[in-house]
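Copied over from TrEMBL, here are the features:
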- 1-80: domain 'Apple' (DOMAIN)
- 84-163: domain 'Kringle' (DOMAIN)
- 166-244: domain 'Kringle' (DOMAIN)
- 167-244: disulfide bond (DISULFID)
- 188-227: disulfide bond (DISULFID)
- 216-239: disulfide bond (DISULFID)
- 256-334: domain 'Kringle' (DOMAIN)
- 257-334: disulfide bond (DISULFID)
- 278-317: disulfide bond (DISULFID)
- 306-329: disulfide bond (DISULFID)
- 356-434: domain 'Kringle' (DOMAIN)
- 357-434: disulfide bond (DISULFID)
- 378-417: disulfide bond (DISULFID)
- 406-429: disulfide bond (DISULFID)
């Protein structure tokens, strides 16, 4: 790869540093080569000035010193020295953690008290044994460690979190690593390619999903990251990414009321809007389903409380009524003013039946029917559960794919929808033509 791939670039920034060396170079790559070859100190960054073609190799980076604006200057910092997490057993960890997992300060690697070290900067010049930072010079399976300043404790391990791009939190929705093979060893298809498999997961339609190159991703709330494969006979497959051992970061307080779609709702309401008691998430009776709490550890699937794990329009649950698979719940709004404004973008619960019949093929139908001809409930267009599909609001912006209302985005013979029945992908809707005289 490109030598600059190992650096983080920041335009228009200068940093104050004591240890530096001046070089004359023609471009940034030559400056990076000077940084790699630097022997006067550990080179953590370099500054390149375009007009003067001047290169400064630096011992410090922006985390260690003061930065200020400077036009015509580009700062390149080695990513390895900015990273405060470990990959695997952390032999390449170069962060600045300097205390053990029990909070005892580390002894400096160059010092001989209170413990005489076997691993020193002189003996292991490439192991990053600077100051008293946690390191793993002997490839210990338990990760980075250090000699301690406690005379009674020669060494101990450090609590270094694992890097998110080497493991996954929750179901890997935020995984940004570079694994590009499936669990059976198949190479992934690039997201910007449509061969051998056509699909709708295009970067411009999912800008926040990081669909780069052919890296494994989870853009649709699947069980774990996956990709389309380069094998024409295998459309897609999961990737084998380990779960992080460190707990996921806290994103904010759990909500006890309805905000937005209620995806962060963690209250204890367990009754649907029609009065049915919710089925516990960890049971499969009376309804079998795939939302098993152990599989989705960050969705809050506790007891039988109403939740929104799949991006529906509001929290819901499976019911204990064997004839009603699932229903929405009534959750009190956090801010009625906010809810009132948001409600203007949605069809009210008691919406007037403006057009409950369709003309021609029904591509102009904008009614609120959400039941199929056989009586099945429609799946929301923005949801990928229980059926994954490419008929999303982003892909068909003019088709009015709101909530789970029947629509005809693809020129079929009449309005239709995906169903919430895992065994039935889609059905036409319970609608008649406007010129059908049998309808009142």
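Cβ coordinates are placed from backbone N, Cα and C, and glycine is handled just like the others.
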Of all the disulfide-bonded residues given, namely 216, 239, 278, 378, 434, which is spatially nearest to residue 334 (disulfide bond) at the Cα level?
278
Starting from the Cβ of residue 357 (disulfide bond), draw a 10 Å sphere and report how many other Cβ atoms land inside it.
16
Do you know offhand how many angstrom separate residue 317 (disulfide bond) and residue 227 (disulfide bond) by C-alpha?
29
Cβ neighbour count within 10 Å of residue 306 (disulfide bond):
24
Using only C-alpha positions, which one of 244, 278, 329, 357, 434 is spatially nearest residue 417 (disulfide bond)? These are the disulfide-bonded residues in the record.
357
Do you see any of the disulfide-bonded residues 167, 216, 257, 278, 429, 434 whose C-alpha is within 10 Å of residue 306 (disulfide bond), and which ones?
278
Consider the disulfide-bonded residues 257, 278, 329, 406, 429 and say which one has the Cα lying nearest the Cα of residue 188 (disulfide bond).
406
PLDDT averaged over every residue in the domain 'Kringle' (84-163):
91
DSSP residue counts for the domain 'Apple' (1-80), split into helix, strand and coil:
16 helix, 36 strand, 28 coil
Summarise the domain 'Kringle' (256-334) by DSSP state, stating how many residues are helix, strand and coil.
0 helix, 16 strand, 63 coil
Rounded to a whole angstrom, what is the C-alpha distance between residue 429 (disulfide bond) and residue 378 (disulfide bond)?
9
Neighbourhood of residue 239 (disulfide bond), C-beta criterion under 8 angstroms, separation at least six:
179, 181, 182, 183, 188, 216, 224, 225, 226, 227
